[in-house]
């Protein structure tokens with residue numbers, strides 16, 4: 001029980017910061033209801049036309065479907081690779097573990113714009129060989145996203161492995177389980193929450209990835225953030241406000257559901 | 001001996017796919033970019049010479065450092081204020097603070113930048129309101145300039161600044177604060193002379209994380225700066241796509257990586273990596 005609670009000055013300052021953090025998220029709500037074709041505050045009547053545009057305009061629908069496809073493929077790929085790598089680290093504790101993990105975490109710490117130019121180099125090089133896998137293709141984007149999300153998946157899985165009791169693995173080993181049995185029947189069932197979280201986080205990171213995607217797509221592989229970007233740079237399309245409101249609502253619902261799950265999993 | 005060998009084989013087999021993937025899809029092309037910086041348009045150190053002498057490139061670097069420094073100070077101070085309540089508030093205060101930190105954290109950078117455009121643009125909320133109450137007659141220019149960039153980046157980076165601060169505040173021993181109060185120090189004095197110094201590692205960690213992040217920031221400055229307040233990352237983008245000068249773009253990237261690497265080394269000299277999470 002903390003005996004030292006924040007005083008009135010702290011509370012006022014924190015409330016100001018909280019307001020600052022929520023303000024831009026709240027601001028998109030009125031804009032999304034404007035009846036005009038331009039970005040403006042609604043004056044008088046409200047309209048849902050920008051929400052309708054999202055469901056009727058094929059550009060938005062195609063981008064949403066493409067982003068889901070890329071997210072699923074890149075998340076599956078990065079989760080499997082991260083899981084194998086983390087199992088290797090945890091079960092065998094090889095030498096140079098720190099250096100190897102550090103190498104895997106590089107895409108997370110290198111400035112995103114440098115990763116972007118690096119992946120641009122990679123995909124344009126591949127484009128010279130293959131036309132359906134390289135610059136401005138959905139497979140190329142999925143691979144680039146896997147590079148960017150795999151460090152996060154690895155961190156999450158390594159963290160949940162670090163909370164696992166080594167003695168259950170030793171017991172399985174002593175009873176004659178093979179490496180495959182230990183991994184799939186002893187270790188993985190115990191870290192499944194971490195694996196699912198890693199897959200979800202990878203999907204979300206891919207779903208909203210823009211910094212790298214801008215460098216590696218031009219006209220074919222238009223993901224949802226890429227389409228939003230185009231709408232934000234030129235003249236601002238209020239459909240982006242409608243989309244933002246929907247994304248914010250989904251985020252709040254998922255976070256609320258997550259906090260309920262976390263509370264239920266806790267024994268007390 | 002056999003078991004030892006099979007252990008090593010198993011580790012190698014499990015770890016190889018990811019290491020090979022990142023080696024081929026990340027390390028190799030990075031050296032390709034380094035190679036560009038020395039060979040395009042002609043072999044030599046010419047692009048690094050340009051970097052040192054071109055006034056445009058230099059002004060972008062200076063602006064980036066200035067914006068990063070301002071954003072770091074404001075973000076860490078703001079994060080400190082809300083983290084105090086998140087870590088040490090009553091249960092209800094904690095839930096509210098956590099909501100205000102985590103919801104923006106999970107929302108995409110584009111949505112958040114767009115929210116600021118909706119608030120600050122000429123026909124946005126602020127200008128509409130200020131004009132409605134007669135406070136101003138002409139809309140204020142709040143975006144497409146450095147002010148908009150700083151506001152947007154601070155908003156993006158506050159949640160990242162919170163986590164190292166929170167971990168250092170959680171590990172602080174309450175009895176020290178009680179002792180200070182018991183010895184007659186006021187609340188203010190206890191805060192400034194005991195609480196803040198004891199969370200120093202969190203402050204250093206969060207300042208360096210925010211600073212490093214803001215050096216390579218791309219999306220927010222590009223949207224809220226409107227092409228007028230170009231930072232290093234946007235300069236790289238422009239050199240690659242608008243005035244194709246891949247060599248210079250690559251050289252700027254290499255310098256950025258070296259600079260960030262040096263800063264990260266500094267982080268880990270003062271704070272252990274575990275304290276940052």
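Any Cβ shown, glycine's included, is placed from N, Cα and C.
Unlike curated records, TrEMBL annotations are generated automatically.
Transmembrane segment is the annotation TrEMBL gives to one range among A:170-192, A:239-261, and that range is A:239-261.
Among the ranges A:28-49, A:138-159, the one that TrEMBL lists as transmembrane segment is A:138-159. A Cβ distance under 8 Å defines the sequence-distant neighbours of the transmembrane segment (A:64-92), meaning residues of its chain 6+ beyond its ends; these are 100-101, 104, 138-139, 141-143, 145-146, 149-150, 153-154, 156-158, 161-162, 164, 169, 179, 182-183, 187-188, 195, 198-200, 202-204, 206-207, 221-225.
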